[in-house]
Amino acid sequence: MPAMPALLPLLLLCLRLLRAEPPAYPAVISPQDPTLLIGSSLTATCTVSADLRLRAQDLYWTLNGRRLPAASYAALGPTTLSVALTRLNGSRQQSGDNLVCHSRDGGILAGSCLYVGLPPEKPVNISCWSKNMKDLTCTWAPGTEGETFLHTNYTLKYKLRWYGRDNTCQEYHTAGPYSCHIPKDLALFTPYEIWVEASNRLGVAVSDVVMLDILDVVTTDPPSDVHVSRVGDLEDQLSVRWSSPPALKDFLFQAKYQIQYRVEDSSEWKVVDDVGNQTSCRLAGLRPGTVYFVQVRCNPFGIYGSKKAGIWSDWSNPTAASTPRSERTAGGCDPKGGEQNTTLRRELKQFFGWVKKHSYGCSNLSIKLYDQWRVWLQKSHKTRNQVGSTRR
């Protein structure tokens, strides 16, 4: 008990420290974090605390680390220095440009962020697709000024056309920077209204409304079980087979397919458009003894009577196969195959033999070269016929 009086002054000191107000900021910049249009002018002031014993002439300004000229300063009082900024450009970073007030020794007294840009422009080019009628993904493009130097938020909204409330998409950046994914709870046979709102510190812009029916924008997975194999001993052909998309097996729809293929040492794909709705195709006119990579994609259309053209799926993973070694002719996709023309084969072998004797360097097998060979062949036949008639 006798020790309590000795501790009392220490306890009172602690209470005073706990109640003490936090120290004031060394300086204040006004306005603080303004938002301005490109081309605007601004006068900012820095007022230092009297406790610092600094005067206006002890201060200077920087913008993004660059010291501003003293000619743009004005002393508005013993402890207040202003700076005049004219014809401001767009912010260098979306987090704002840094305007800082310094003491003479370089110390930072206060800072402010300048947000300089343009209001957003309305988003354009809204495009949507549904994967197997289970979801909806939409993409769009920003206005011509892009992000307008300021951070811009995009919100995709949608609702049933004739009734229902506005809904907001939640899963953004799923198919690129300007995209959103609606994973479920979508209605069929009823059109939707879809639009995108862009907003930043200077305003809001709303896109045109797009109306669509889920059945009109269906795409699917790439065809599965793609197999590429040789066609017997035919040197210029490969057979391609695949399965229709299993995710749509229970729906009434049509399908059309495309094939693309390339040789192993090339990046150029050749596309076969006339495959139709069959799930097999024979590629002809290939180079003998060559490895080919083949891909297939599907376009499901006419789902439940939809009149729209449909949307192509992604390409399947490349499947490789090689042709037997020999010489063949050029052609296209031959779904039915057919008997080979032995006379044409014989003439082509003669043609390739003639090319080896009469062409020099790197020659292209052009129509002109083929015509030259035909002239040579006719002369050879005429000469043999003349010799034959002389012998008679």
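Positions of Cβ are set from backbone N, Cα and C atoms, glycine also.
According to TrEMBL, the protein has these features:
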type	residues	note
SIGNAL	1-20	signal peptide
DOMAIN	23-101	domain 'Ig-like'
DOMAIN	122-217	domain 'Fibronectin type-III'
DOMAIN	222-326	domain 'Fibronectin type-III'
REGION	315-340	region 'Disordered'
COMPBIAS	315-324	compositional bias 'Polar residues'
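Taking DSSP states H, G and I as helix and E and B as strand, the domain 'Ig-like' (23-101) has 9 helix, 37 strand, 33 coil. Here the compositional bias 'Polar residues' (315-324) has, by DSSP, the following mix of helix, strand and coil residues: 0 helix, 4 strand, 6 coil.
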